[in-house]
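Student: Shown below is the structure under consideration.
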Amino acid sequence: MLEFYGKRFESRLLLGTAQYPSPSILADAVRASLSRTVTVSLRRESGEARAGQDFWALIKALGVAVLPNTAGCHTPREAITTAHMAREVFGTNWIKLEVIGDTDTLQPDPFGLVEAARILCDEGFEVFPYMNDDLIVAERLIEAGCKVLMPWGAPIGSGRGLNNPYALKTMRAHFPDIPLVVDAGIGVPSHAAAAMELGFDAVLINTAVAKAGDPAAMARAFALAVEAGRLAYEADPIEARDMASPSTPLLGKAFL
């Protein structure tokens, strides 16, 4: 079972809530995905006390855990301020920490990310850092107090899948006891299955579902892919080989 900061979840699929055609389609997608955790941007939704009341009511009705994020923040100070606002609005210590370093690729700023993570962890936040696939950055984030890591598969919204499977596989091997979530770049269910087959604990999907022709159907497809990938990983799949290996035994073969 998936576990984040002492909270346990049946589903290993996290779902973003941005870019859906309508609130009802979002609700249908969340239900179809079987996800129990959704991410919410404070910059887009304003919680109970302001204009986002309808959205907030929808999320509450779905009965899912809320993971606020600091999307759009480019400095540690901005991310920290947003995290504090999110804690007040959404009533949770969870924060998906994003400190963006490049506007073209939306690549995270590793230096600002570690700085902000250290401060937020010291202030009692339970931080989910959106990061690249660098092992040293991962180590620094863990030292800062993060108990979950969220490396990207590819740039946000690109749909490219896993740009560097080797780096992700290495990270999994290096941190066997840390929950790892592939965040960003997933485009189709097979990408999610591939991440799960590498041993990742979960995947976070937004654009690939929200922008699909049928978001609810795509959400269901991702749910099945995540389940299949996890089952495959737990089944201990065979290693790839360069040469053929006969699957049919030669015992009993007729010799002419």
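Cβ coordinates are placed from backbone N, Cα and C, and glycine is handled just like the others.
Heads up, here are the entries from Swiss-Prot:
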| type | residues | note |
| --- | --- | --- |
| ACT_SITE | LYS96 | active site, schiff-base intermediate with DXP |
| BINDING | GLY157, ALA184, GLY185, ASN206, THR207 | 1-deoxy-D-xylulose 5-phosphate binding site |
Student: Including all protein chains displayed, how many Cβ atoms other than that of ALA184 (1-deoxy-D-xylulose 5-phosphate binding site) lie within 10 Å of its Cβ?
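Tutor: If we count other Cβ atoms within 10 Å of ALA184 (1-deoxy-D-xylulose 5-phosphate binding site), we arrive at 27.
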Student: I want to check the contact list for LYS96 (active site, schiff-base intermediate with DXP): same chain, sequence separation of six or more, C-beta distance under 8 angstroms. What comes out?
Tutor: THR39, LEU67, PRO68, ASN69, THR70, PHE128, PRO129, TYR130, MET150
Student: Given the 1-deoxy-D-xylulose 5-phosphate binding site residues GLY157, ALA184, GLY185, ASN206, THR207 in the record, what is the largest Cα to Cα distance, rounded to whole Å?
Tutor: 9
Student: Suppose the 1-deoxy-D-xylulose 5-phosphate site is GLY157, ALA184, GLY185, ASN206, THR207. Which further residues of the same chain have a Cβ inside 8 angstroms of that site's Cβ centroid?
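Tutor: Those within range, site residues removed, are GLY16, ALA154, PRO155, ILE156, SER158, GLY159, ILE186, ILE205, ALA208.
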Student: Would you count the other C-beta atoms found within 10 angstroms of the C-beta of GLY157 (1-deoxy-D-xylulose 5-phosphate binding site) for me?
Tutor: 17
Student: Let's check the environment of ASN206 (1-deoxy-D-xylulose 5-phosphate binding site): how many other CB atoms sit within 10 Å of its CB?
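Tutor: Around the Cβ of ASN206 (1-deoxy-D-xylulose 5-phosphate binding site), 21 other Cβ atoms lie within 10 Å.
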Student: Can you tell which of the binding-site residues (GLY185, THR207) has the fewest other C-beta atoms within 10 angstroms of its C-beta?
Tutor: THR207
Student: Sort ASN206 (1-deoxy-D-xylulose 5-phosphate binding site) into helix, strand or coil using the DSSP assignment.
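Tutor: The residue in question, ASN206 (1-deoxy-D-xylulose 5-phosphate binding site), is coil (DSSP, three-state).
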